[in-house]
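This report concerns only the one structure given below.
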């Protein structure tokens, strides 16, 4: 969030309690009283050379790996092993934010974001979401919008 503050980007913080077991995206949406279609998850993928790519998609959807690979000019991508997530991004599973990773990786936000002025993404902790304007998220991540979910 410091990165957003430095860039003078407005956002809203939603904090909540997290049980020991992992929360589903739908449960997070309910906790922050948001439409589940406006709550997005962050997935980190890698190519065969272990170069990383970030995809931000609705929590209720599934990433289409072929579409994702094509959008970033790769033949094949796979989910980055969870064991590497904290070391590569600085975040843990359930708290991985597209904003403020250790390195700015190529980022794609699913085109469904265009249906909304604001979406919610992880704030970098399992207990926090931030709501941010779509255009600000694209700007701060130097991302692009593309169709990457299964239709």
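Placed from the backbone N, Cα and C atoms, the Cβ positions cover glycine too.
Annotated domain 'YbaK/aminoacyl-tRNA synthetase-associated' per TrEMBL: 26-139, in sequence order.
Taken through DSSP, the domain 'YbaK/aminoacyl-tRNA synthetase-associated' (26-139) splits into 35 helix, 33 strand, 46 coil.
On the 0 to 100 pLDDT scale, the domain 'YbaK/aminoacyl-tRNA synthetase-associated' (26-139) averages 95 in this prediction.
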